[in-house]
Amino acid sequence: MKISTALLKKIQPSQNTPTLFTIFISLYAVFLFLGAYYFPTIITTILILPFFMISAYRWKLVGGILSSVWSVILIIFSSVTHHHSLLQDLIVSLSSYMVIGLLLVILYNYLENQNLKLKESENLYRQLFEQANDAILIVDNEGKIVNCNNVASNLIGYSRNQLLSKNLKEFIIPRPEQINQLENMDPQSGEWTLRNTQGREILFEVTITKIQNGLFLGTGRDITIKKQMEEALRSEWKRAQTYLELVQVILVALDNQGRVTLINRKGREILGFEAEEIIGKNWFDYFIPKSLRTSIKSVFQKITSGEIQSFEQYENSIVNKAGEEILIAWQNTFLYDNTGEIIGTLSAGEDITERKRTENQIKEQINTLEVLYKLSQEFTKTLNLKERANEIVQTCVERFGVCLAWLAQVEPGGRVKIIAQYPLEHSYPQQIKIRWDETPEGQGPSGRAIRSGTYQIVEESTTDPSFTPWKVQAMQAGFVTSAAFPLIGRGRTFGTLNLYSKTPGFFHPERLELFQTIAHHAASSLENARLFEETEQRLKHIQALRTIDMAISGSSEPMLAQKVALEQIVQRLEIDAASLLRYDPQQQTLIYAEGIGFRTPAIEKTSLKLGDAFAGQAALERQIISIPNVSDHSTYCQTNLFRDEGFISYYAVPLLAKGRLFGVLEIFNRSLHIGSEEWYDFLRSLAEQVVIAVEKEELLYNLEKTNALLIETYDATIEGWAYALDLKDRETENHSKRVTELTLLIAREMGVEEKDLVHIRRGALLHDIGKMGIHDSILFKPGKLTKEEWEIMRKHPIYAYEMLSPIQYLHPAIDIPYCHHERWDGSGYPQGLKGEAIPLSARIFAVADNFDALTSKRPYRDAWPVKKALDYIRKQSGKMFDPRVVEVFLHSDAIKILHKEKPSTLGY
């Protein structure tokens, strides 16, 4: 089969040259003819076989027919020459021929199929050879080009036929290490440089393989552009690296396991490490704070696994080599491979630690302003000292992060009294003793703040020697640092604001400034509340005195008046019990007469000689005896009474009138009580009332005089309030006195009865009493008031009404404080009264008040001339003022009397 296939390959002539093949067939036929003459028929048939095969293969059907005809001729010729039976020879030959023909047909089909496959293989080879993207050359062992494809010829610049006469070595520019390989034509692979016919150097990626018969197959690919691109990429990469190093943000790349694959110089500077100390390290294990490590690593795993689709912006802290935490704002993106799979992340980070700190400072300042504004708003809602103090300490804890806040007021004798604390359940304030004198308890921050008028800080409560008296309690509470801020009002320190924290360094300068501001606002607010409470207390005192006075004057039984007096004493002095011991001059004995607040009847058995016990001493010495703590005087003969009743503090006040002793007033309290100077003054006033009640029977003829004296006292107190209001605003000093006089002059001109003038006078003096409830920041604001501030200012008549209405004695005088801002046309406040619905006293006062205000100098303007002020009053007649009051005012002698001016100077 191999010989036949090789023979077929070699005998295939060209379609243009059939001569040699024809001569060969003719000679072969002559030999067959001679053989047929001398050999038997079967041999002759076999000898025909090659001819048949060649004819059939070469000429297909025509060749078969010719071969058959030729075979029949040979058979007939053989039969004739050998004298065989022609029929017999034909049968034998035809049988042989059929068998052989069948075999030849099979053989023919097989050869035909192989031929087709060979042609297909050759066509495929030719297509691959010609259509390959790579250059293909076949060279011998000396480098001579035997074959090549079009890619090779085009790259080198020769036609294919021209190239077949060339040696490959003519085009190669070998490197030194390639020379020996090129000379020996060894199989190899690598990069060669070729120079084409245009002189251009081409970089080839070459593979040379030995095939057969001393031939070599060389394949090459032009990688010139690739190399140029790689070089460009390397250049770009170097440039990018330069940019990465110069950019002033952190650039860090992580693989899917969180390992650092790239970090720029800025990142290294912030972290404090060299590149080799960072690259390959797990970012989360080495450079993220422990408190954030688990959560951030979990987020990163979700990002790289695709669970989280977007993570462009993120903020978290990192840890540098020194262990410091630095807050970074990140911009992030994914890194992908050629298949689109996520292979890591690239993040750009900016150090925002300082910016964040600044933002927090701004937020804290805004928060501070909001709190201060809220406090100022809250302060205007109540004048209750206790409520305001509670608001202040609660705000310090809830809004500014202190652990404990308490507020205390200064008391006589070096004592400090806590009036508010937050949280309420904290036991620390009850465990400590605070003073402001030179004792050890007065050397702490509170005492120093009160004495110096400046804030005091304890940086470390466990080591500060001045904090020793409270060290144990502070350690138990966990307090690390504390501060005391003085509360200063009217030039004196009246209290402290004390704050505690468990955080070292909590009271930094910014917070100190904040708390100083809060303390300043608190002091102003508390001082106003204190003044309001003092005023309210004085009003209550007056009411108590009035109640006792009415009981004395309205009751026919002296004992009832005495009982009322004791009830008022217990209630207004805020003590637990009081008793009245009447003096019997005949027996020179103090005998129990009346008592209130006692749990046992033991007090009713009291009978003392002058000089016995404290009550006898007070009567004998005719001065008040004060015993803040009776346990310091165990020899007192009434010890059983104090023990059974649980009394701790005691006061004895001799009841004297015109040098005559009427008895002793005893005051008892079941807790430690130390009275203030004002308290003593009121006690004396109440004692005087008790004396009045006691001597009622003897002094009925002098009752009217006593009542007049009380009224003068009331009026003096009212004048004192008015004077206090004028003192509060120096710019309006003596305003209350002037406007009161002018109001009374106009009222007399209008025929108001004398009995009503008393109430008009009191109302005029108290016309601005409601301003005690207005915050100083509003009351003395130099510029214009805001809408909100104006709404608050308009409430002062209501405050006046609320302060005065509980006092029955001042009811007839309440019209002026409550209605003096009403207008004739109904546009006034607070009720919007119109015309004669406005009380007459308020209408009269409105004219006098406005005239005095206009003709008085103010910080924002000079005083008006009288004529200008009168013109204004006239123009406002029927608008602001009652026309009848204006008419009387303009034509009365009131102006001349008050200003001591002649009519000619007034413009009339």
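The count begins at 1 with the first shown residue.
Glycine is treated like the rest: Cβ placed from N, Cα and C.
Listed features, source TrEMBL:
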| type | residues | note |
| --- | --- | --- |
| DOMAIN | 121-174 | domain 'PAS' |
| DOMAIN | 236-307 | domain 'PAS' |
| DOMAIN | 312-364 | domain 'PAC' |
| DOMAIN | 710-905 | domain 'HD-GYP' |
| DOMAIN | 732-854 | domain 'HD' |
| TRANSMEM | 20-53 | transmembrane segment |
| TRANSMEM | 59-78 | transmembrane segment |
| TRANSMEM | 90-111 | transmembrane segment |
Mean of pLDDT values spanning the domain 'PAS' (121-174): 79
Residue counts (helix, strand, coil, in that order) that DSSP gives for the domain 'PAC' (312-364): 12 helix, 29 strand, 12 coil
Secondary structure content, the domain 'PAS' (121-174) (per DSSP, counts of residues): 25 helix, 13 strand, 16 coil
For the domain 'PAS' (236-307), residues assigned helix / strand / coil by DSSP: 43 helix, 12 strand, 17 coil
